[in-house]
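Novice: Sharing the feature lines straight out of TrEMBL:
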- 381-390: compositional bias 'Basic and acidic residues' (COMPBIAS)
- 36-231: domain 'Neurotransmitter-gated ion-channel ligand-binding' (DOMAIN)
- 239-327: domain 'Neurotransmitter-gated ion-channel transmembrane' (DOMAIN)
- 366-390: region 'Disordered' (REGION)
- 232-253: transmembrane segment (TRANSMEM)
- 265-285: transmembrane segment (TRANSMEM)
- 297-320: transmembrane segment (TRANSMEM)
Amino acid sequence: PFQKCKIKRIDYKLKRQDSTKTLLIKSEQLLRIEEQDFAIRPGFGGSAIPVGIDVQVESIDSISEVNMDFTMTLYLRHYWKDERLSFPSHTNQSRTFDSRLVKKIWVPDVFFVHSKRSFIHDTTMENIMLRVYPDGNILYSVRVTVTALCSMDFSSFPLDTQNCSLELESYAYNENDLMLYWKNGNDSLRTDEIVLSQFFIEHFHASSGLAFYSSTGWYNRLFINFILRRHIFFFMLQTYFPTMLMVVLSWVSFWIDRRAVPARVSLGITTVLTMSTIITGVSSSMPQVSYVKAVDIYLWTSFLFVFLSVIEYAAVNYCTTLEEMRKMRRGKIPSTFNASQAMAFDGCFHDNDIELTTFPRMAPALTSDPLTAPSPNSDLRPPEGTRLRRQRSVRENVELLVNNSYMIDSYSRLAFPLSYLLFNTVYWSLYC
């Protein structure tokens, strides 16, 4: 008798010390977990079990254009009814459990479609909650971070708007066994205040649909859709403003004397190399897509303007060389002419260096009637109020530019800014 009494005291003492284990055993007995087969879904063999979903988005951690994905942290909550877990209660109060009991019962096998990585937070314990009501209704909540694919279209980058979605679906149970739905309709998706560095969120909304797999059938699928608009100010400071300044800087060459070869060549090469650096920097931070982006159009058009300013000086220098050689043959310029001594602020020859040719007078018209023919002393000028003009041919215009090469710079000072202004007007009206 004394031996039996001693063993009972030890068992009672152990039970009091390990109260957590005692409560877990009582809960399993209360929910009759050992008596049921939770490997199969509730209502097996009958109609599909409805599983309501609601989501609270905690944060959007990152959006990667290079990898075309986004990372989101959210609270995912499931609602369903499993009569096998009903229990008697006089107060009608629910019981809350953690992840240790979740592993012993049936829970929906919801997964994230197109996810690359995902994990359940486990600090300090696994962030899982299970709440069971006396009538068998269950709330299952989990805090999860998921990285999912977002198919982005960069044809309007960086003036683009991206539409990304996170998709939820049952992995094993098709629509005949499990019916996923948003529990509270459009109010099933809630968000905290989310601030992103390069985007602002225009709209969050929930939707649903069906997905078909040839080998397993139709599945209910839920969508968390959000529309992102990119902040343009960062790219204005890093890309567009420096590009505009480089194009304007290349125009300074038009006001430098055309004989100052080192100054104009070094300025042109510097702007070309700077534009190449800007283009390379933008391309390195973007995915290698096979179509043209909006920023590519702007950068390469600006690069073309800078390149044409270099080509413009090559044409000016060539025409200036031809002009000076012709004048040297005519004796206008002595053989000891020093080009550095002839530099002017506007890059033009002085008036006494320019040979102006006049058009020959028009010969009088010959007529067969001597009475109507003008006399030699008659005035050959046309009647007052009329003026005769002879249009120059393309060849004569080219000859005029070759003989007066300073005119190329004069025309470029006006043509380049107006063309670039027209391009900017068309570009920003199309993409903004």
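Positions of Cβ are set from backbone N, Cα and C atoms, glycine also.
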Novice: In terms of Cβ proximity under 8 Å, which residues at least six beyond the ends of the transmembrane segment (232-253) contact it?
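Specialist: Hits for the transmembrane segment (232-253): 158-159, 198, 264, 267-268, 271, 274-275, 278, 282, 295, 298-299, 302, 305-306, 309-310, 312-313, 412-413, 416-417, 420.
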Novice: Please spell out the DSSP helix, strand and coil residue counts for the domain 'Neurotransmitter-gated ion-channel transmembrane' (239-327).
Specialist: 75 helix, 0 strand, 14 coil
Novice: Check the domain 'Neurotransmitter-gated ion-channel ligand-binding' (36-231) for me and report the mean pLDDT.
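Specialist: Overall, the domain 'Neurotransmitter-gated ion-channel ligand-binding' (36-231) comes to a mean pLDDT of 92.
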